[in-house]
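If you check Swiss-Prot, you get these features:
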type     : residues : note
ACT_SITE : 331      : active site, nucleophile
ACT_SITE : 429      : active site
DOMAIN   : 250-437  : domain 'GATase cobBQ-type'
């Protein structure tokens, strides 16, 4: 077996590449096609743990779900997790290999390319179709040398490319024509057509522009996707844009948005719940009155802890607790709740130690070996089922661990609860995802009769909706030829 390969590249970041690939994955999966996702190189702080014990970008985990597959490290062989403005942890085939600045990674690209092509070779032998997501834009002139994320990959494996652009942000024709103009002749020949994303309005008013675009470029418009509201898909990086009005909200949750916040998909169930009002606060904002504060994960715990203090939020959180509010820390947030965070090996920056917030009697030492686990278990003492994953370098010890939050199915306990029950911490990402765990945690926070919410069912419904949208709005005959029929590089 040797799979047909189709790649989706975008004119910009957040053009809709991840969503279109997920939609196409589910569209093909519904037809019984053996399809798999692939992203050669991803940069994201939201990651997922795979069945083979590594980590990949969350978008590829969602795309795997759309294909009816468990996530695997081959679906995203190179993952970059930024830990500063100029550096990132480099994860290859699911495991960290180095922390490099931009210059260092540029030199490393040849090695990364070998890893990318090795994963590609394995996947094309296992599946009938490989749907590939590019990264950012293929027209970044300064990044073209040794490119493995966009056209460099497409040229290496000889695949066709769909170019997607977001009309909602404006300038869609300039984006498409400009991107095409900056490609080499051989790269332009790979572009099989355009998809315009997030359209609102009367399509008849757009039609003259589409006809001009096809005449100007000689490339077909494969379809115009509407702006879809209420999608329940794991985000790779972007947090929700603006507040969501919830007339039925009865529980107020505040989340400090840290500079290196990671795995904020932990908040998805709260954001989706009609009775929970989630307020994300950023620099310069005060902590408003609320029932629950959630300290999220962080790729740089000590640096984000210092930043939190600089905002004046430590005193605000202490005031929140004095008035009976609840506080939950997840992963890096758990580490911040302790008494000390030690980084003797310089895992997240310069070696050193930082005083924690001191609301849980524990200390954390960052270790070179990263813990990666997919786990299930139960909340204590309620017994509510939980499922999720661990991604952390920290090893926590201390008296607070004698009051664990979770009993895991593998025999370990996890997390800690303060003596007064106001403060909880856990290493488990996805702690709100299971309906029973969500109900129990909302009851602890003050919403005793919360309406049931099943996040997994919402995600499945979204994937079905995306597949329906593709079928209704894209050129299905052309997509069928590209994925199942004609030679890859037909002009």
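For all residues, glycine too, the Cβ spot is worked out from N, Cα and C.
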The domain 'GATase cobBQ-type' (250-437) [mean pLDDT, rounded to integer]: 97
Residue pair the residue listed as 'active site', the residue listed as 'active site, nucleophile' - Cα distance, angstrom, rounded: 7
Residues near residue 331 (active site, nucleophile) in space but at least six apart in sequence (CB under 8 A): 262, 263, 296, 297, 298, 390, 391, 392, 394, 426, 427, 429
The residue listed as 'active site': tally of other CB atoms within 10 A of its CB: 26
